[in-house]
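Features of the protein shown, as given by TrEMBL:
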- 22-150: domain 'EamA' (DOMAIN)
- 183-320: domain 'EamA' (DOMAIN)
- 7-26: transmembrane segment (TRANSMEM)
- 38-61: transmembrane segment (TRANSMEM)
- 73-95: transmembrane segment (TRANSMEM)
- 101-123: transmembrane segment (TRANSMEM)
- 135-153: transmembrane segment (TRANSMEM)
- 180-200: transmembrane segment (TRANSMEM)
- 212-233: transmembrane segment (TRANSMEM)
- 245-264: transmembrane segment (TRANSMEM)
- 276-297: transmembrane segment (TRANSMEM)
- 303-321: transmembrane segment (TRANSMEM)
Amino acid sequence: MVWSTDFLPFLAMVMVECCEMLMITLGKAAMNDGLNNLVYVVYYNALGTLFLLPCLIFHRLRSNMVPITLPILWRFFLLGLLGICLVQAVAFTGIKYSTPTLAAALGNLMPGFTFLLAIIFRMEKLDIRKVSSQAKSVGTIVAIIGASIMTLYKGPRVLGSNLPSDSSHHALVLSQESNWILGGLLITTTCIMSSGWNILQTDTVKKYPEHMTIVFFTCFFGSIQCAILTLALESNPKTWMVKPGIGMIAIVFSAVSGNVFRYNVLTWCLDKKGPLYVAMFKPLGMVISAILGILFLADPLHLGSVIGAVIISVGFYSVLWGKAKEIKSVLEVDDIVCVIDSTNQTCPLLHK
């Protein structure tokens, strides 16, 4: 049915993007209200781990248990260290200094960075004569240019109220500009780390194809590692206190949407439609984030953000198109091989 094959995956991915951007917006609002960004990451991942525990037990009871070896456990430790302790901690620090809209836009750099890292670690060959490699290379460069524009050039405000232009606000404006650039650099750094995490996770899934177990132990180790990091950086015990209100709402919502809902829905969509279909919805997050930022955070939308976001989207879809072209070429080669094999099997004289 069209309902189940087309509309449901579409609706599911829109919901995933809405939940992800709402999670980031709530996190930003909670940090504006005084919640420490590292404590926020620790609490919502720890709570998410508790929510995932019954799911893991139910999954392990229903399926044949694959033993967890020491090398696999070490991979879980590294996934938690890179994906939660480093990526999420640095990402929310970047969001603290900038806006969720900038984070959503720069998140579209990940396919390009993944492509670059795959070449560096010899997981992918760069054949510049192929159209697919050209598209991915050009798309990566274009996306990085867009990110640079978005980070370094704010420009006039397109939406949102302007600050008074008298000299008393000059220091505040300069401070906001420097924070914006710092936030952009931190978020870009997390995109590079996330690309490395994606490569490590993909390789881990090949060696241990138990998705629920991987997610649970990644959250488990990441929560502990981030807690240790936060204890080392924040000596004040009051930092760990969460006031009733937006902080608690952000932690609970992030635990449910980020660790439970998003994972299960993404897994279902990947199974139904594949990774390219899922990736196509990432630019939608920029629009949702901009709307939520204006409505709930009073974040202004600058011309530089609009121009940069458009350029990043062009580069993003160029990389995706190149990847789709590459997959199509591989499938065509496989079809030809299958035809030759079947011909050889039906024509024994060809073997003589």
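Glycine too: its Cβ is placed from the backbone N, Cα and C atoms.
When each of the listed stretches 7-26, 135-153, 212-233, 245-264, 303-321 is scored by C-beta pairs under 8 angstroms to the transmembrane segment (73-95), 212-233 comes out highest. Among the recorded stretches 7-26, 135-153, 276-297, 303-321, the one sharing the largest number of Cβ pairs closer than 8 Å with the transmembrane segment (245-264) is 7-26. The recorded stretches the transmembrane segment (276-297) and the transmembrane segment (7-26) share 3+ CB pairs below 8 A when only pairs 6 or more apart in sequence are counted, and are therefore in contact. Under DSSP, residues within the domain 'EamA' (22-150) fall into helix, strand and coil as 106 helix, 0 strand, 23 coil.
DSSP states for the domain 'EamA' (183-320), grouped as helix (H, G, I), strand (E, B) and coil, give 119 helix, 2 strand, 17 coil. Remark: the transmembrane segment (135-153) contacts the transmembrane segment (303-321), by the rule of 3 or more CB pairs under 8 A. Taking every listed stretch (7-26, 38-61, 101-123, 180-200) in turn, the largest tally of C-beta pairs under 8 A with the transmembrane segment (303-321) is reached by 101-123. Highest Cβ pair count under 8 Å relative to the transmembrane segment (7-26), across stretches 38-61, 101-123, 180-200, 212-233: 101-123.
Taking every listed stretch (101-123, 180-200, 212-233) in turn, the largest tally of C-beta pairs under 8 A with the transmembrane segment (38-61) is reached by 212-233. Taken as a whole, the domain 'EamA' (183-320) shows an average pLDDT of 84 in this prediction.
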